[in-house]
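Visitor: Have a look at this one before I ask anything.
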There are 2 protein chains.
Amino acid sequence: MRPCILITNDDGLTAKGIKELKDAMLPLGDVIVVGPDGPRSGMSSAITVSIPTRLHKVHEEEGLKIYRCSGTPVDCVKLALNVLFKDRKPDLLVTGINHGTNSSISVVYSGTMGATIEGCINKVLSIGYSLCNHHADADFSHVIPFVKKIAEKVLEKGLPYGVCLNVNMPENPPKGIKICRQANGLWTEEFVRHEDPNGHPYFWLTGNFTNREPEASDTDEWALTNDYIAVVPTKIDMTAYEVIDELTSWNL
Amino acid sequence: MRPCILITNDDGLTAKGIKELKDAMLPLGDVIVVGPDGPRSGMSSAITVSIPTRLHKVHEEEGLKIYRCSGTPVDCVKLALNVLFKDRKPDLLVTGINHGTNSSISVVYSGTMGATIEGCINKVLSIGYSLCNHHADADFSHVIPFVKKIAEKVLEKGLPYGVCLNVNMPENPPKGIKICRQANGLWTEEFVRHEDPNGHPYFWLTGNFTNREPEASDTDEWALTNDYIAVVPTKIDMTAYEVIDELTSWNL
């Protein structure tokens, strides 16, 4: 039986990256795309709880169905698994290809990675793909063979429960693939203050990413800076096991 | 110098839980509350990127300032750190007290924990508090002494960089405090389908939580079920280190 592959993203259904990902996956299996009906960048693992969500089929052909969803990337995955995949789970969830990197701490904010993590929670093999290029017309052609190769390998080998892959890809032709850890970094200087015509302030989120360990060569940031594809195995258990003994000794 | 304590939540500035948390913290230090102007449950680590965000002071007295923010819980923390705390970092960030549990996998979806993680990324000691009671008029009185005790201990002892605390508290009087790991669980059967007057479907997110390991006695779920307060040290590095060797052996 051909694998069934679910696809979503956070840039929305009209983004170039999700079309490239769909085209890359069609040779590997039957594809169902459930994409947000507009941009959902920075939505993390947000879910829609106070309003209902719409799901609407926009395209169907042999081996391919496309739906648009009014919710967040995680809503797309939840709706797909609960409404479209009632009898059979997808064999693979792939997300992206995101326009812009989701390396280091950006994994926390990314809607693309939120969707990937949602697949993982539901025991679906899940991979999030991002390209270090924010442009709407970014060129993805140099990374497509790697996107396919990683997906095929995951379908063949599987992943342990609770682990998904965060794949970030350089703008330049990749020298190869590095298995990495998430670099210690953060976004700083994040707001621009403007005033409305009544003199009331409002703030635009902006900022610069700082890699706190630029010298470390085992991180996703190092790999990207050196034109490698960074693959970080990412887990849903956020427990800091190494701190449990110390906290226990506090005798709270 | 008295500690300076930043407070936010995801239930919004008018929720009972954030008022209780503010009252609990006032004896410990100077308090700045920056709360969302309405409910933001399920917002995870979402950030507002396509529209600007408002920040407005609504109350000031000796040792207490309260601001309302139009953004997400993470926006509240980012704005507070960048706009209100330019010269001095808060000594402690506390979030909640959430109306409803954020144990097990709910840590991924929680706006309260998103805000807590944001403090942690910025090297602020951070604790998220949640009560296993969704009601708007929930009784918090039995847990307030524990809320204070944990905050005082964290101010005294500190936490390693990259680790914050996810504190979930039972509805009944607690028997004590357990240091735990995040239980392996998920939400299932999550959508109710309705039709609008034109016959088009829409979906309400709902669901039931399943603890996949109810017998394990070292999890947050076990602690809560047995009327203990569950403290999970939670980390921002999501790398699955234990999988790096296996993935490297794939020779991608």
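Residue numbers in this text run from 1 along the chain shown.
Heads up, the Cβ atoms here are built off N, Cα and C, so glycines get one too.
Annotated domain 'Survival protein SurE-like phosphatase/nucleotidase' per TrEMBL: B:5-188, in sequence order. Under the heading divalent metal cation binding site, TrEMBL lists B:ASP10, B:ASP11, B:SER41, B:ASN98.
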Visitor: Return the residues near B:SER41 (divalent metal cation binding site), defined as same-chain residues 6+ apart in sequence whose C-beta is under 8 angstroms from its C-beta, sorted by sequence, else 'none'.
Guide: B:ASP10, B:ASP11, B:GLY100, B:SER110, B:GLY111
Visitor: Going by a 10 angstroms cut-off between Cβ atoms, which of the binding-site residues B:ASP10, B:ASP11 has the sparsest surroundings?
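Guide: Each of the binding-site residues B:ASP10, B:ASP11 was scored by Cβ atoms within 10 Å; lowest is B:ASP11.
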Visitor: Quick test of understanding: given the binding-site residues B:ASP10, B:ASP11, B:SER41, B:ASN98, name the ones whose C-beta is under 8 angstroms from chain A.
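Guide: Sorted by position along the sequence, the hits are B:SER41.
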Visitor: Same chain only, sequence gap of 6 or more: which residues have a CB within under 8 Å of the CB of B:ASN98 (divalent metal cation binding site)?
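Guide: In sequence order, B:ASN9, B:ASP10, B:ASP11, B:GLY17, B:SER110, B:THR112, B:GLY128, B:TYR129, B:SER130, B:LEU131 meet the Cβ cut-off.
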Visitor: Determine, for the divalent metal cation site, the additional residues of the same chain whose CB lies within 8 Å of the mean position of the CB atoms of B:ASP10, B:ASP11, B:SER41, B:ASN98; present them in sequence order.
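Guide: Once B:ASP10, B:ASP11, B:SER41, B:ASN98 are set aside, the remaining close residues are B:ASN9, B:GLY12, B:ALA15, B:GLY17, B:PRO39, B:ARG40, B:PRO73, B:GLY96, B:HIS99, B:GLY100, B:SER110, B:GLY111, B:THR112.
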Visitor: Could you give the mean pLDDT over the domain 'Survival protein SurE-like phosphatase/nucleotidase' (B:5-188), rounded to a whole number?
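Guide: Per the prediction, mean pLDDT sits at 97 for the domain 'Survival protein SurE-like phosphatase/nucleotidase' (B:5-188).
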Visitor: Taking DSSP three-state, what's B:ASP11 (divalent metal cation binding site) in: helix, strand or coil?
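Guide: It is coil.
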